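S.K.: Right, I'll just put the structure down here and ask away after.
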Amino acid sequence: MKTDLEHNLRQEAHRQETIVIKGACSHNLRNIDLVLPRNRLIVMTGLSGSGKSSLAFDTIYAEGQRRYVESLSSYARQFLGQMDKPDVEYIAGLSPAISIEQKSTIKNPRSTVGTVTEIYDYLRLLFARIGKVHCPGCGKRVESQSIQQIVDRMIQERTGENLLILSPVAREKKGEYKGLFEETARKGFSRCMVDGKIYRTDEEQPVLEKNRRHNIWIVVDRVRVKEDSTSRITDSVEIAMSHGEGIIGLSAMEKPDDVEVRSESFSCLDCGISFEELTPRMFSFNAPYGACQACHGLGTRMDFDPDLIVPDRSMAISDGAILPLKSPEGKFYGQMLESISRHFGFELTVPFNEIPEYAQEIILHGSGDDTYRFEFRGRRSEFSYEGRFEGVIPNLERRFRETASDGMRQWIQGFMISAPCDSCKGKRLSEKVLAVRVGGMSIAEVTDLSVTRSLDFFNSLELTEVENTIAHQVLKEIRTRLGFLKDVGLDYLTLSRQGTTLSGGETQRIRLATQIGSALVGVLYVLDEPSIGLHQRDNRRLLNSLVGLRDLGNTLIVVEHDEETIREADHVVDMGPGAGELGGDIVFSGNVQGLVHCTDSLTGQYLSGKRKIEIPGKRRERRGEIHVRGASENNLQDVDVMFPAGVLTCVTGVSGSGKSSLVNEILFKAASREIMKTRSRPGRHESVKGLEQFDKVIDIDQSPIGRTPRSNPATYTNLYSDVRNIFAATRLSRARGYKAGRFSFNVKGGRCENCQGAGLITIEMHFLPDVYVVCDVCKGKRFNRETLEVTYKGKSIYDVLDMSVAQALEYFEAHPSLCRKLSTLSDVGLGYIRLGQPSTTLSGGEAQRIKLASELSRRATGRTLYILDEPTTGLHFEDVRKLLGVLDRLVDQGNTVIVIEHNLDVIKCADWIVDLGPEGGDGGGKVVAVGTPEFLSGVKESHTGQYLMRVMSF
């Protein structure tokens, strides 16, 4: 019977061009049935926790991906991984599914915007095919070098030397090269050089490691260079060239591993620098052929920062100005510094910045060859000796190299920063590769351009007829992909931007642009809030990209709260009516006009204007000021900014305008360093004044609250300590002598030791995903039988961890301290999450609101500076209203709140706005306008002001 039903559903879905879902029960979904149109833009919206992601990602995408992967061979499946079958009765009409989520951040420091989008692969091909080679020494064009020119230069520069003339077999290539000597002997040669060592071909060939890179040369001749041997040298060079495909090697017999490469094709006659034939791999910073040898293509190096070693130069050395001297070796070093101070005539009690500069240099970097007399006093003896002073930084460098302790290494790394490589200046490539130019620019200079400027460069590139024939298709791909990046609002990014510095929203839009470039048809795309981090001005371009992807013949399911995106949808699914256990139902499914008139839908009420977030009747007055002067980090253009204290300030501007650089990189790090005494290094600026009015600074970001499933909302907010104390105070616990630690799942005692308190046993599979099996001892309840026998109001400790915040509020109503912490979680719209929910399952927005709730539950001092970066991520209109109430509470307690935000409902409710721009990237970094929302809405030069004017007058 079921088979007949499935067959009928499949036939119906195919005929009607629909996706039919029956009995979806993943997470909090309530056995829902739903029919969605194919080849349409579908938006799923609703309160946080209402079941949008459960339906879109954990049901529809999971089943589409699972079916596709199952159709592949077992060999292919081991590389792709496999998703569990979702809890759904049946889905018909599915296409192969691709998900584009915010969580897919880039962790590899070698990844850049160019490599992720594959534009850099096309750039490598372009430069290899039509690039003009220049000498990195003199800058002249490099032309091909004849055999006669090579011989003449040898006689001119190396007369009197005993040289090996070599022909290449393998350069930096992996392999065992079995039979190499026999093959070389057959060619008539008696010697080979393998990895810098000379062998006779009649000897036994050394065993080479298969996975190691080798350098192998045939020794064509051994010759003493002199004028009367010109004929012999010419013959040997010709033979070497013929066997080496135009490349030879020259090395001194005394030092054979130092090979100078000469090429018949590319070599500078003035500097003697030779080039190989250009290939795409030479332009890769992930391969040894073209990567900078100093930094191995990373472009950065770790270096000690004097400002982290002496963070406060107004302090004296005797008061701890030099932070590393607080280590166990500090006392010994302290006595050495006393000797230095006596020698130069200054006191260790004076501020560090008043010590003579040459003495500061010696203290930090050492005395070089100069020696001093050092005197040491112990409890029982005194001694002295004369020697050099190592210096604090060289001492740290030596200890970092020599230590075997991870803890010591980590401690020393705290005084280091990532700095551009001295050799390549952060360009990642060797100087030879950087000397190849197209249109007068190197590949590094091209990737340092923003997407917009890069597009302009390639559109105006002038090529010869031959070059255009060669590069036509490559240039078309580059221009097309750059255009897609611009269309999704990423025109301010540079292709060299490191992938690890991208936000979740930027990463998602890059993947979206890549998918648009692939031009696939008949695919089901599932996207998670693509508008995150996007200014309203850029939203239209993103929507056009989504519509274009749909018009190719694809189905798009977008989880989104942005009003403009909802109104653009062909079909809207509104989930609810509440969150968590109160959600999981379909409140509305249909077109936007129907949603606007749906009285049961919160989303519909906000779209129709029946509900709205009101503009405050009065703006709060500032109670002080913070002044940031000379901000010039990244694209900030030496700007001065005033942030009022005691109010809610919004920092706005288009994507890439410099908001994060100003707030996160300069203000937060400077405040953290001065107030919290951290070692953070602020971005480039002159000064930050006004921080003395705060006793604490807190950055509430969207990073996870924990890296393992053992971390959860109860442990992070510290309310679990109260819960454990309540259970430890029960009659049975007192009778058995149980303490609060008995109810921890992280330590031995009360937890189930079979699963170590996890509740699940992990079984690793070969080509299948890891299987999590419920622990057969505790049945998934994490604790042993004796611990679970202890109950409070009829519930065990496991039952409490399985409660939602809303349920726990009612359950613990007799405990005010615990209820206060639970109430703050409810106030930020998290009443639906379970107390024991693993942190790994929480979204970035949920993690941020848990941190916010944790701060709210603490006793207020009224002198805290709070910094939040896009707290409305993942929030419905109603959730935004609740969030604003929480932010208002923080400000009303006397605190200062600074928010980076694009959401117009938050911006219109702010007391003060700092608008940066006017554009992103090179066109940004300036202060466009500052003032109240009323003032900003009248500033024509402000993109934010123009959109703000519409909501202020609504």
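Using the three backbone atoms N, Cα and C, a Cβ is placed for every residue, glycine included.
In case it's useful when we look at the structure, here is the feature table from TrEMBL:
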BINDING   46-53, 653-660  ATP binding site
DOMAIN    621-949  domain 'ABC transporter'
ZN_FING   268-295  zinc finger
ZN_FING   752-778  zinc finger
S.K.: DSSP-wise, what's the residue breakdown of the zinc finger (268-295) into helix, strand and coil?
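M.R.: Output for the zinc finger (268-295) reads 4 helix, 3 strand, 21 coil.
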S.K.: Give the three-state DSSP assignment (helix, strand or coil) for Ser657 (ATP binding site).
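M.R.: Once the DSSP labels are grouped into three classes, Ser657 (ATP binding site) ends up as coil.
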S.K.: At 10 angstroms around each C-beta, which of the binding-site residues Ser50, Ser655, Ser657 has the fewest other C-beta atoms nearby?
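M.R.: Minimum Cβ neighbour count within 10 Å, taken over the binding-site residues Ser50, Ser655, Ser657, occurs at Ser655.
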S.K.: What residues elsewhere in the chain lie close to the zinc finger (268-295), defined as a C-beta under 8 angstroms and at least 6 residues from its ends?
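M.R.: For the zinc finger (268-295), the list is 110, 121, 123-125, 127-129, 131, 133, 135-138, 140, 142-143, 145, 149, 153, 157, 172, 213, 246-247, 260-262, 301, 421-424, 427-430, 432-433, 436, 443.
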S.K.: Far apart in sequence but close in space: which same-chain residues, 6 or more away, have a Cβ under 8 Å from Gly46 (ATP binding site)?
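M.R.: Those within reach of Gly46 (ATP binding site), by Cβ under 8 Å and sequence separation of 6 or more, are Lys52, Asp574, Met575, Gly576, Gly583, Val587, Leu602, Thr603, His876.
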S.K.: Taking the Cβ of Ser48 (ATP binding site) as the reference point, list residues of the same chain whose Cβ is under 8 angstroms away and which are at least six residues distant in sequence.
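M.R.: Listed in sequence order: Ala579, Gly829, Leu830, Tyr832, Gly845, Glu846, Gly874, Leu875, His876, Asp879.
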S.K.: If you count Cβ atoms within 10 Å of the Cβ of Lys659 (ATP binding site), leaving out that atom itself, what do you get?
M.R.: 27
S.K.: Cβ distance under 8 Å to Gly653 (ATP binding site), same chain, sequence separation 6 or more: which residues?
M.R.: His535, Lys659, Asp915, Leu916, Gly917, Gly924, Val928, His943, Thr944
S.K.: Summarise the model confidence on the zinc finger (268-295) as a single mean pLDDT, whole number.
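M.R.: Taking every residue in the zinc finger (268-295) and averaging pLDDT yields 84.
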S.K.: Should Ser50 (ATP binding site) be counted as helix, strand, or coil on the basis of DSSP?
M.R.: coil
S.K.: So how many other Cβ atoms are close to Lys52 (ATP binding site), meaning within 10 Å of its Cβ?
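M.R.: Lys52 (ATP binding site): 27 neighbouring Cβ atoms within 10 Å.
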